[in-house]
Amino acid sequence: MKPIIYDYTLEELRQWMLDNKQPTFRADQLFDWLYVKRVTSFEDMSNLPKMMREQLDDQFRFVALEEITRFESKDGTVKLLFGLHDQHAIETVVMRHNYGTSICVTTQVGCRIGCTFCASTLGGLKRNLTAGEIVAQVVTAQRMLDATNERISSIVIMGSGEPFENYDATLNFLKIMIHERGLNIGQRHITVSTSGIVPGMYKFADENTQINLALSIHAPNDELRSKLMPVNRRYPFDEVMDACRYYIAKTGRRISFEYALIGGVNDQPEHAEELAEVLTELLCHVNLIPVNHVPERKYVRTSRNEIFEFQRILEEKGVNVTIRREQGHDIAAACGQLRAKHMEKTTR
Ligand code: SF4
(Lines of atoms letter the chains of each structure in order from A and count residues from 1; the text may use other names and numbers.)
(Lines give C-alpha, C1' and ligand atoms only; values in the text may rest on other atoms or scores of the structure.)
Protein backbone atom coordinates (compact mmCIF):
# COMPACT_ATOMS: atom_id res chain seq x y z
CA MET A 1 0.00 0.00 0.00
CA LYS A 2 1.40 3.39 -1.00
CA PRO A 3 1.88 5.98 1.78
CA ILE A 4 -0.54 8.91 1.97
CA ILE A 5 0.79 12.25 0.78
CA TYR A 6 -0.66 13.87 3.95
CA ASP A 7 1.77 11.81 6.06
CA TYR A 8 4.61 14.20 5.27
CA THR A 9 5.71 17.46 6.86
CA LEU A 10 6.95 20.23 4.58
CA GLU A 11 10.54 19.45 5.59
CA GLU A 12 10.04 15.80 4.59
CA LEU A 13 8.53 16.81 1.25
CA ARG A 14 11.52 19.09 0.64
CA GLN A 15 13.81 16.15 1.35
CA TRP A 16 11.79 14.03 -1.09
CA MET A 17 12.34 16.67 -3.76
CA LEU A 18 16.10 16.71 -3.08
CA ASP A 19 16.23 12.90 -3.20
CA ASN A 20 14.53 13.11 -6.60
CA LYS A 21 16.88 15.84 -7.88
CA GLN A 22 14.20 18.50 -7.81
CA PRO A 23 14.38 22.02 -6.37
CA THR A 24 12.89 22.30 -2.87
CA PHE A 25 10.49 25.10 -3.86
CA ARG A 26 8.47 22.37 -5.58
CA ALA A 27 7.69 20.99 -2.11
CA ASP A 28 6.37 24.38 -1.07
CA GLN A 29 4.13 24.43 -4.15
CA LEU A 30 2.93 20.91 -3.38
CA PHE A 31 2.21 21.87 0.26
CA ASP A 32 0.22 24.85 -0.97
CA TRP A 33 -1.91 22.65 -3.22
CA LEU A 34 -2.54 20.25 -0.34
CA TYR A 35 -3.38 22.68 2.45
CA VAL A 36 -4.25 26.06 0.98
CA LYS A 37 -5.95 25.17 -2.28
CA ARG A 38 -6.96 21.76 -0.95
CA VAL A 39 -7.23 20.02 -4.31
CA THR A 40 -8.19 16.37 -4.49
CA SER A 41 -5.69 15.00 -7.02
CA PHE A 42 -2.10 15.44 -8.14
CA GLU A 43 -3.47 16.08 -11.61
CA ASP A 44 -4.95 19.39 -10.38
CA MET A 45 -1.52 20.75 -9.32
CA SER A 46 -1.09 22.73 -12.46
CA ASN A 47 2.18 24.49 -11.62
CA LEU A 48 4.03 21.20 -11.05
CA PRO A 49 5.64 19.59 -14.12
CA LYS A 50 3.52 16.81 -15.59
CA MET A 51 6.26 14.25 -14.98
CA MET A 52 6.45 15.17 -11.35
CA ARG A 53 2.68 14.87 -10.96
CA GLU A 54 2.86 11.39 -12.47
CA GLN A 55 5.71 10.41 -10.20
CA LEU A 56 3.83 11.66 -7.14
CA ASP A 57 0.75 9.76 -8.25
CA ASP A 58 2.89 6.67 -8.63
CA GLN A 59 4.37 6.87 -5.17
CA PHE A 60 1.66 8.32 -2.97
CA ARG A 61 -2.01 7.87 -2.22
CA PHE A 62 -4.19 10.93 -2.17
CA VAL A 63 -7.47 9.66 -0.71
CA ALA A 64 -7.14 8.57 2.88
CA LEU A 65 -10.75 8.71 4.02
CA GLU A 66 -14.12 7.91 2.57
CA GLU A 67 -17.14 9.51 4.17
CA ILE A 68 -19.58 6.79 5.29
CA THR A 69 -22.15 8.94 7.08
CA ARG A 70 -22.64 12.42 8.34
CA PHE A 71 -24.96 13.62 11.11
CA GLU A 72 -25.75 17.28 11.53
CA SER A 73 -27.07 18.65 14.78
CA LYS A 74 -29.43 21.59 15.16
CA ASP A 75 -26.62 23.42 16.96
CA GLY A 76 -24.33 23.10 13.91
CA THR A 77 -22.23 20.19 15.19
CA VAL A 78 -21.37 17.69 12.46
CA LYS A 79 -20.28 14.16 13.23
CA LEU A 80 -18.51 12.41 10.41
CA LEU A 81 -17.90 8.70 10.16
CA PHE A 82 -14.98 7.94 7.84
CA GLY A 83 -13.94 4.61 6.34
CA LEU A 84 -10.24 3.74 6.04
CA HIS A 85 -8.58 1.65 3.32
CA ASP A 86 -8.65 -1.47 5.54
CA GLN A 87 -12.39 -1.37 6.33
CA HIS A 88 -11.94 0.28 9.73
CA ALA A 89 -14.01 3.32 10.57
CA ILE A 90 -13.22 6.43 12.62
CA GLU A 91 -15.16 9.43 13.90
CA THR A 92 -14.42 13.12 13.54
CA VAL A 93 -16.54 15.93 14.96
CA VAL A 94 -16.82 19.53 13.77
CA MET A 95 -18.21 21.98 16.31
CA ARG A 96 -19.42 25.54 15.75
CA HIS A 97 -18.93 27.94 18.66
CA ASN A 98 -19.47 31.65 18.90
CA TYR A 99 -15.67 32.07 18.88
CA GLY A 100 -15.06 29.94 15.79
CA THR A 101 -15.14 26.42 14.42
CA SER A 102 -13.24 23.58 16.00
CA ILE A 103 -12.58 19.98 15.09
CA CYS A 104 -12.09 16.94 17.31
CA VAL A 105 -9.82 14.35 15.68
CA THR A 106 -9.13 10.69 16.29
CA THR A 107 -5.60 9.27 16.56
CA GLN A 108 -6.22 5.52 16.80
CA VAL A 109 -8.77 3.02 15.55
CA GLY A 110 -10.30 2.03 18.88
CA CYS A 111 -8.29 2.41 22.06
CA ARG A 112 -6.65 0.11 24.58
CA ILE A 113 -6.74 2.45 27.56
CA GLY A 114 -10.04 1.05 28.81
CA CYS A 115 -11.66 4.05 30.51
CA THR A 116 -14.85 2.62 31.92
CA PHE A 117 -17.09 5.47 30.74
CA CYS A 118 -15.93 5.40 27.11
CA ALA A 119 -17.41 3.64 24.08
CA SER A 120 -14.24 3.96 21.99
CA THR A 121 -12.42 1.35 23.99
CA LEU A 122 -15.10 -1.38 23.88
CA GLY A 123 -13.52 -3.31 21.01
CA GLY A 124 -9.94 -2.60 22.12
CA LEU A 125 -7.23 -1.07 19.94
CA LYS A 126 -7.25 -2.05 16.27
CA ARG A 127 -4.36 0.05 15.05
CA ASN A 128 -2.66 3.43 15.13
CA LEU A 129 -3.61 6.00 12.51
CA THR A 130 -0.81 7.41 10.40
CA ALA A 131 -0.15 11.15 10.57
CA GLY A 132 -1.78 11.46 7.14
CA GLU A 133 -4.96 9.77 8.31
CA ILE A 134 -5.21 12.30 11.15
CA VAL A 135 -4.38 15.20 8.81
CA ALA A 136 -6.96 13.99 6.27
CA GLN A 137 -9.72 14.33 8.90
CA VAL A 138 -8.99 18.06 9.12
CA VAL A 139 -8.49 18.61 5.39
CA THR A 140 -11.68 16.71 4.49
CA ALA A 141 -13.69 18.63 7.09
CA GLN A 142 -12.17 21.92 5.93
CA ARG A 143 -13.17 21.11 2.34
CA MET A 144 -16.73 20.58 3.57
CA LEU A 145 -16.61 23.97 5.35
CA ASP A 146 -15.11 25.73 2.34
CA ALA A 147 -18.58 25.66 0.78
CA THR A 148 -19.79 28.09 3.47
CA ASN A 149 -16.54 30.05 3.80
CA GLU A 150 -15.91 28.74 7.29
CA ARG A 151 -12.46 28.03 8.61
CA ILE A 152 -11.35 25.55 11.23
CA SER A 153 -9.66 27.73 13.82
CA SER A 154 -9.00 25.24 16.59
CA ILE A 155 -8.24 21.56 17.00
CA VAL A 156 -8.74 19.21 19.91
CA ILE A 157 -7.13 15.79 19.91
CA MET A 158 -9.83 14.23 22.02
CA GLY A 159 -11.43 11.72 19.67
CA SER A 160 -10.85 7.99 19.92
CA GLY A 161 -7.41 6.87 20.97
CA GLU A 162 -4.58 7.94 23.24
CA PRO A 163 -2.37 10.36 21.27
CA PHE A 164 0.74 9.63 23.34
CA GLU A 165 0.48 5.95 22.45
CA ASN A 166 0.78 7.09 18.83
CA TYR A 167 3.30 9.80 19.61
CA ASP A 168 5.28 10.23 16.38
CA ALA A 169 2.23 10.33 14.11
CA THR A 170 0.54 12.80 16.46
CA LEU A 171 3.60 15.03 16.47
CA ASN A 172 3.90 15.01 12.67
CA PHE A 173 0.19 15.80 12.46
CA LEU A 174 0.74 18.80 14.75
CA LYS A 175 3.73 20.02 12.72
CA ILE A 176 1.63 19.94 9.56
CA MET A 177 -1.33 21.71 11.19
CA ILE A 178 0.67 24.61 12.62
CA HIS A 179 2.83 25.25 9.56
CA GLU A 180 2.39 28.82 8.38
CA ARG A 181 2.46 27.73 4.74
CA GLY A 182 -0.37 25.27 5.32
CA LEU A 183 -3.50 25.43 7.42
CA ASN A 184 -1.62 27.65 9.85
CA ILE A 185 -3.64 26.81 12.96
CA GLY A 186 -2.36 28.77 15.97
CA GLN A 187 -0.54 26.57 18.48
CA ARG A 188 -2.53 28.02 21.34
CA HIS A 189 -5.68 26.91 19.53
CA ILE A 190 -4.69 23.26 19.63
CA THR A 191 -5.19 20.93 22.58
CA VAL A 192 -3.76 17.45 23.02
CA SER A 193 -5.63 15.37 25.57
CA THR A 194 -3.98 12.45 27.33
CA SER A 195 -5.22 9.85 29.78
CA GLY A 196 -1.93 10.26 31.65
CA ILE A 197 0.79 8.46 29.71
CA VAL A 198 3.62 9.79 31.85
CA PRO A 199 6.60 9.32 29.48
CA GLY A 200 4.60 11.00 26.69
CA MET A 201 3.77 13.93 28.97
CA TYR A 202 7.45 14.56 29.74
CA LYS A 203 8.41 14.18 26.09
CA PHE A 204 5.67 16.54 25.00
CA ALA A 205 6.71 19.16 27.59
CA ASP A 206 10.23 19.00 26.15
CA GLU A 207 9.00 19.68 22.59
CA ASN A 208 8.79 23.36 23.54
CA THR A 209 5.57 24.13 21.76
CA GLN A 210 2.75 26.45 22.75
CA ILE A 211 0.21 23.67 22.23
CA ASN A 212 -2.18 23.07 25.13
CA LEU A 213 -2.13 19.89 27.17
CA ALA A 214 -5.26 18.44 28.75
CA LEU A 215 -5.25 15.61 31.26
CA SER A 216 -8.26 13.35 31.68
CA ILE A 217 -8.16 13.20 35.45
CA HIS A 218 -11.74 12.10 36.28
CA ALA A 219 -11.00 11.32 39.93
CA PRO A 220 -9.32 13.11 42.84
CA ASN A 221 -7.29 10.15 44.13
CA ASP A 222 -5.40 7.04 43.13
CA GLU A 223 -7.96 4.46 44.22
CA LEU A 224 -10.98 5.90 42.45
CA ARG A 225 -8.97 6.80 39.36
CA SER A 226 -7.76 3.21 39.03
CA LYS A 227 -11.37 2.03 39.11
CA LEU A 228 -12.43 4.42 36.36
CA MET A 229 -9.25 4.36 34.31
CA PRO A 230 -7.17 1.17 34.39
CA VAL A 231 -4.25 3.17 32.92
CA ASN A 232 -3.84 4.63 36.41
CA ARG A 233 -2.40 1.32 37.56
CA ARG A 234 0.36 1.71 34.99
CA TYR A 235 0.95 5.39 35.70
CA PRO A 236 -0.28 6.14 39.22
CA PHE A 237 -1.97 9.37 40.21
CA ASP A 238 1.06 10.93 41.95
CA GLU A 239 3.35 10.24 38.99
CA VAL A 240 0.82 11.80 36.63
CA MET A 241 0.57 14.88 38.85
CA ASP A 242 4.38 15.15 38.92
CA ALA A 243 4.38 15.08 35.10
CA CYS A 244 1.76 17.86 35.13
CA ARG A 245 3.96 19.98 37.38
CA TYR A 246 6.89 19.38 35.04
CA TYR A 247 4.83 20.45 32.01
CA ILE A 248 3.72 23.66 33.75
CA ALA A 249 7.25 24.50 34.93
CA LYS A 250 8.75 23.74 31.52
CA THR A 251 6.23 25.53 29.33
CA GLY A 252 4.75 28.17 31.62
CA ARG A 253 1.37 27.07 30.32
CA ARG A 254 -1.62 25.97 32.33
CA ILE A 255 -3.02 22.45 32.07
CA SER A 256 -6.68 21.66 31.49
CA PHE A 257 -8.02 18.92 33.71
CA GLU A 258 -10.94 17.06 32.18
CA TYR A 259 -13.33 15.67 34.78
CA ALA A 260 -16.25 13.54 33.59
CA LEU A 261 -18.93 13.65 36.26
CA ILE A 262 -20.52 10.24 36.77
CA GLY A 263 -23.65 10.06 38.90
CA GLY A 264 -22.89 8.74 42.41
CA VAL A 265 -19.37 7.67 41.48
CA ASN A 266 -17.04 10.71 41.43
CA ASP A 267 -19.44 13.65 41.65
CA GLN A 268 -20.01 14.05 45.38
CA PRO A 269 -19.00 17.12 47.44
CA GLU A 270 -16.16 15.17 49.08
CA HIS A 271 -14.71 14.44 45.63
CA ALA A 272 -14.80 18.14 44.77
CA GLU A 273 -13.10 18.99 48.09
CA GLU A 274 -10.37 16.44 47.47
CA LEU A 275 -9.85 17.57 43.88
CA ALA A 276 -9.53 21.19 44.98
CA GLU A 277 -6.90 20.12 47.49
CA VAL A 278 -4.87 18.32 44.79
CA LEU A 279 -5.07 21.21 42.34
CA THR A 280 -4.50 24.10 44.71
CA GLU A 281 -1.59 26.22 43.55
CA LEU A 282 -1.38 24.48 40.18
CA LEU A 283 -1.62 26.64 37.07
CA CYS A 284 -4.70 24.92 35.72
CA HIS A 285 -8.27 24.92 34.63
CA VAL A 286 -10.92 22.27 35.27
CA ASN A 287 -13.47 21.27 32.65
CA LEU A 288 -16.46 19.48 34.14
CA ILE A 289 -18.08 17.14 31.64
CA PRO A 290 -21.47 15.64 32.48
CA VAL A 291 -20.87 12.08 31.34
CA ASN A 292 -22.75 10.77 28.33
CA HIS A 293 -24.85 7.68 28.75
CA VAL A 294 -22.99 4.67 27.36
CA PRO A 295 -25.58 1.90 26.88
CA GLU A 296 -22.95 -0.80 27.46
CA ARG A 297 -22.12 0.67 30.90
CA LYS A 298 -24.36 1.36 33.84
CA TYR A 299 -23.36 4.98 34.46
CA VAL A 300 -25.93 7.70 35.00
CA ARG A 301 -25.66 11.43 34.62
CA THR A 302 -25.09 13.80 37.49
CA SER A 303 -28.05 16.08 38.21
CA ARG A 304 -27.76 19.76 37.29
CA ASN A 305 -27.80 20.82 40.94
CA GLU A 306 -24.98 18.46 41.80
CA ILE A 307 -22.94 19.70 38.84
CA PHE A 308 -23.32 23.30 40.04
CA GLU A 309 -22.48 22.30 43.59
CA PHE A 310 -19.30 20.56 42.38
CA GLN A 311 -18.35 23.69 40.48
CA ARG A 312 -19.09 25.92 43.46
CA ILE A 313 -16.83 23.93 45.79
CA LEU A 314 -13.91 24.10 43.36
CA GLU A 315 -14.39 27.82 42.78
CA GLU A 316 -14.59 28.51 46.47
CA LYS A 317 -11.15 26.95 46.85
CA GLY A 318 -9.76 29.15 44.08
CA VAL A 319 -9.77 26.60 41.25
CA ASN A 320 -10.66 27.86 37.77
CA VAL A 321 -13.57 25.78 36.49
CA THR A 322 -16.08 25.62 33.64
CA ILE A 323 -18.86 23.21 32.77
CA ARG A 324 -18.49 21.96 29.23
CA ARG A 325 -21.36 22.95 27.01
CA GLU A 326 -22.76 19.89 25.34
CA GLN A 327 -22.94 19.88 21.59
CA GLY A 328 -24.56 17.58 19.10
CA HIS A 329 -26.69 15.90 21.74
CA ASP A 330 -29.59 15.38 19.35
CA ILE A 331 -27.50 13.41 16.85
CA ALA A 332 -26.79 10.59 19.19
CA ALA A 333 -23.62 9.66 20.59
CA ALA A 334 -20.87 10.18 22.89
CA CYS A 335 -17.47 9.81 21.37
CA GLY A 336 -17.09 6.39 19.79
CA GLN A 337 -20.76 5.48 19.65
CA LEU A 338 -21.20 6.21 15.96
CA ARG A 339 -18.34 3.87 15.15
CA ALA A 340 -19.63 1.25 17.61
CA LYS A 341 -23.00 1.27 15.85
CA HIS A 342 -21.33 1.00 12.46
CA MET A 343 -19.21 -1.96 13.63
CA GLU A 344 -22.31 -3.68 14.97
CA LYS A 345 -23.98 -3.31 11.57
CA THR A 346 -21.01 -4.51 9.52
CA THR A 347 -20.26 -7.54 11.69
CA ARG A 348 -23.83 -8.72 11.90
S1 SF4 B 1 -11.45 8.20 27.01
FE2 SF4 B 1 -9.81 8.38 25.48
S3 SF4 B 1 -8.10 7.27 26.43
FE4 SF4 B 1 -9.94 6.65 27.57
S5 SF4 B 1 -10.63 4.77 26.51
FE6 SF4 B 1 -11.72 6.51 25.57
S7 SF4 B 1 -10.49 7.05 23.78
FE8 SF4 B 1 -9.18 5.80 25.14
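Heads up, the Cβ atoms here are built off N, Cα and C, so glycines get one too.
Here is what TrEMBL records for this protein:
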type     : residues                                               : note
ACT_SITE : Glu91                                                  : active site, proton acceptor
DOMAIN   : 97-330                                                 : domain 'Radical SAM core'
BINDING  : Cys111, Cys115, Cys118                                 : [4Fe-4S] cluster binding site
BINDING  : Gly161, Glu162, Ser193, Ser216, Ile217, His218, Asn292 : S-adenosyl-L-methionine binding site
ACT_SITE : Cys335                                                 : active site, S-methylcysteine intermediate
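Among the recorded positions Glu91, Cys111, Cys115, Cys118, the ones whose Cα sits within 10 Å of the Cα of Asn292 (S-adenosyl-L-methionine binding site) are Cys118, in sequence order. Among the binding-site residues Cys111, Cys115, Cys118, Glu162, Ile217, His218, the residues whose Cβ lies under 6 Å from any atom of ligand 1 are, in sequence order, Cys111, Cys115, Cys118, Glu162. Of all Cβ atoms in the protein chains displayed, 25 besides its own lie within 10 Å of the Cβ of the residue listed as 'active site, proton acceptor'. In this view, Cys111 ([4Fe-4S] cluster binding site) is surrounded by 26 other Cβ atoms within 10 Å of its Cβ, with every protein chain counted.
Computed over the domain 'Radical SAM core' (97-330), the whole-number mean pLDDT of the model equals 94.
DSSP classifies Ser216 (S-adenosyl-L-methionine binding site) as strand under the three-state reduction. Each of the binding-site residues Ser193, Ser216, Asn292 was scored by the number of other CB atoms within 10 Å of its CB, and the largest score is that of Ser216. If you take the Cα of Gly161 (S-adenosyl-L-methionine binding site) and the Cα of Cys111 ([4Fe-4S] cluster binding site), they are about 5 angstrom apart, rounded to a whole number. Taking every protein chain shown into account, Cys115, Cys118, Ile217 are the binding-site residues, and of these the Cβ with the most other Cβ atoms within 10 Å belongs to Ile217. Annotation: Gly161 carries the greatest number of neighbouring Cβ atoms among the binding-site residues Gly161, Glu162, His218 [cut-off 10 Å, Cβ to Cβ]. Ser193 (S-adenosyl-L-methionine binding site) falls within a strand when secondary structure is assigned with DSSP.
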